[in-house]
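Over in TrEMBL, the protein carries these features:
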| type | residues | note |
| --- | --- | --- |
| DOMAIN | 85-294 | domain 'ATP-grasp' |
| BINDING | 154, 177, 212 | ATP binding site |
| ACT_SITE | 269 | active site |
| BINDING | 513, 682, 712, 714 | Mn(2+) binding site |
| BINDING | 585, 849 | substrate binding site |
| MOD_RES | 682 | N6-carboxylysine |
| DOMAIN | 1050-1119 | domain 'Lipoyl-binding' |
| MOD_RES | 1085 | N6-biotinyllysine |
């Protein structure tokens, strides 16, 4: 540690020693006539916790108290704790108010104050203030002005120390720099009276420092050699006696590793850390200060050196509103929640630490001092750790996670710390994130109450007020199901068992495709989890449950604000016996674009690890290279590969030969040759009529007698049950169904209908109809919760015109919603006709995501612009087509059967580049390590492999999802009505965060709009009042607010912390270099220079000197 201790060389140093020596001798030889003068009223010329500490001591001694406060401190607790309180420094800056001696003295004189306590900081070590008090006839609770002056002059103080025989830095005339390797910072508490009596109250170890600021203090110093302790305390007492020191003070030393001690300075005031000394000596230092000032001697107070004993250990932690993760930047704002740690052995000294308090940038960031006492250092540390763990501070960042790391550090617990402790232990900054789940959820609920749902609502309908009832579930493990076969015999054995099974097997789509088709994919994990155990116990003989992949993956993050991987994990835990099935879009995985091959492989690997069993692999164009990649990825992950042929057209119609029976058989040949375990017909539009279904399945069964056949359809035309029964009669092993209340229309055929129609036949499903009815009743009521998304809001039935327009089930619903939302509800018939025309324009495509979206985009383009098919073909070279159409024609999703339509393609693309072959083949591999590092840098170390995959699939959606959860917490634990609509005033409800942790919440009131465009929303949480401030987005559109810097815009420079602009160092149009200072901010007496993160030109400046900013407020923009 390099200590700068001065550099003056002249006769002044020696003269100072002589003058001090002679003055100190005369101070002890002159007889003093003193008398006891009781203090009746004390003013504390300070603020915050030290003011309250002194007021409490005064009250205990029967002394009346006076507080002073600045204009910025009108809401601070110290003015309420005093008997009287007066404003000082009107019109002055915040700190200057407490330094304005004339105002302080004036208040004291006008209000009968007979003594002033300076606290610490501000004027506490100003000799002119002590003198001003004396001149006004007001006692100064501290040393005499002369002693304050001597101790405040570091040169003179060290000269005194040298003359007293202490080892210091030089000889008093020449102070040099001394390097002391890894010293301990030890300070001794002294106390003197007006009669020359001086005692010590032992030492404190203040070695744990950051930038010379004490963080944690311990008394006594652990493992301190008793002889060294004696020397330190003796030197401190001698020095105090030499200068005639009275009242409380601290003598500070550095101790090297050889046990040598070096004098630093004397602090002629009470220290922040005086509390630990009080705890181990049982001496109230403030009481002693007051009594000494009144004229009492130490012996009268019972304070004799031989009676002062050390009892145990005490630790003080300074809890501050600083963010350790950002270099201990001060944080400001409103304390939304404050709950302290208490109990045996814990003392709290605080000021304005209470719910609703506003932490301003004007003063230091100390929130509360926590003092823990115990019989030894480990015992005191354990109490401190426990107390800090009990703290709940919300609304501002604190250093509590850092302090907890200090307290768990072995070096600290062993008592072997030095001033390099923090620098040499970077792991102290591996901070455990604060969950803050309850308060975040209140923010979310308040946001919905003020601003409405966070997810887009297609129709104006409210969730049903009726809660679904979960059917009874037996205790114990669910029965053995097909998954046990899969786990025991692997994918090949599983496929053989399916093929050998007697009767018809069912896949339940209720958990995915059914609600994608009927409820815009909006069903939440919360409602799936509630019914999952019933399904596991009642339908163990299902072939599988389709519950993942497809649109559910991005919708979970984008609209439901929940993690799709967590859904999979929780479903797996609740349904261990039924195989899970997902929809994999071939080379597109679960996205709408092409990914590098290694990303698709990695996705399947992670999905399998999280509980996925069967991968239904398809391609929207039946483009074989894309399908083969997906099949290979699923197989390599150890999953069951179910290659799906997307069906369109009509194999029973001899006039439609593009997608003939021969086409499907040849494609099936390739898929079986590639090793698929199961062959699937994916009829996404519900085009399979009973005859065509029977024809296709019979042909496939004849061609592949040993391969299980699985058929998927939609019931849009109403013939789904008949078609599936025909397929089953023809040899299909599995058909897709949805539970009755979630079946029909654009969803799958009814489970109950299939079960009833096959009962007692060779196709018997073995499923109980009674269980189906119970299952359906749950979903009938649950569906009401999703009324704002229910397709029946605008669509009252299915329609056989699907055989003409061939719109897939889920898209049929979405187009219906879109048409109504765009005011085209009365033109939906035209939209459907345009869809058929757009399909022909594009060459008659297989239509499933994403190809179906391309056709839909072109159809809406045609309707909005009143274009016929002929007009589009004629004007193709001049129209501005939707991007999805252009990219399709470029070859971005593969090559359609029969090739691209010409000359339409050439007219649209003109000179635009074309993709040849499989689109993903030319993409470089994704660097997962680099992506993970990028995510950890942005979101912390709790990034999982599943998060990395989410970011790989949907980078922007994942980023927004993480930002949402950082703000609003785990909203997936809210019930659906609360999630969508928020609570009503006076509504009481419970939220289970995890097993054994339930929040009891009541919505109380919604406040009026304030000047900041916010409304205060009041709740009762677990019996305690809580409130959150919510920005009213509609109101804010009409109000002007300082813009925020966008994090993803490189040239937007935001304020790194709240504060005031001290200086703007650049001008608009100026060239700046990377690292060049742009402006200076000040907050909590700390100045921060904002440097440029890039080189460029200052495009616009949004602030001026004296501007008050919040965190992330836009300072300026730089263009590269």
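Just so it is clear, glycine is given a Cβ too, placed from its N, Cα and C backbone atoms.
Taken together, the residues of the domain 'Lipoyl-binding' (1050-1119) have an average pLDDT of 87. Checked against residue 212 (ATP binding site), the binding-site residues 513, 585, 682, 849 differ in C-alpha distance, with 585 being the nearest.
Residues 513, 682, 712, 714 make up the record's Mn(2+) site, and a Cβ search at 8 Å around their centroid adds 509, 683, 684, 713, 736, 748, 809 from the same chain. Taking Cα separation as the measure, residue 585 (substrate binding site) is nearest to 712 of the recorded positions 269, 712, 714. For the pair the residue listed as 'active site' and residue 513 (Mn(2+) binding site), the C-alpha distance works out to 73 angstrom. Between residue 682 (Mn(2+) binding site) and residue 849 (substrate binding site), the C-alpha separation comes to 12 Å. The Cβ neighbour count for residue 712 (Mn(2+) binding site), using a 10 Å radius over every protein chain in view, is 28. It is 15 Å from the Cα atom of residue 712 (Mn(2+) binding site) to that of residue 849 (substrate binding site). Neighbour count (other Cβ atoms within 10 Å of the Cβ, all protein chains): 9 for residue 212 (ATP binding site). For the recorded positions 269, 682, 714, the ranking by surrounding Cβ atoms (within 10 Å, all protein chains) places 714 first. By a simple count of nearby Cβ atoms, those within 10 Å, the most crowded of the binding-site residues 585, 849 is 585. Residue 513 (Mn(2+) binding site) is surrounded by 30 other CB atoms, counting those within 10 A of its CB over all protein chains shown. Between the C-alpha atoms of residue 849 (substrate binding site) and residue 513 (Mn(2+) binding site), the distance comes to 13 Å.
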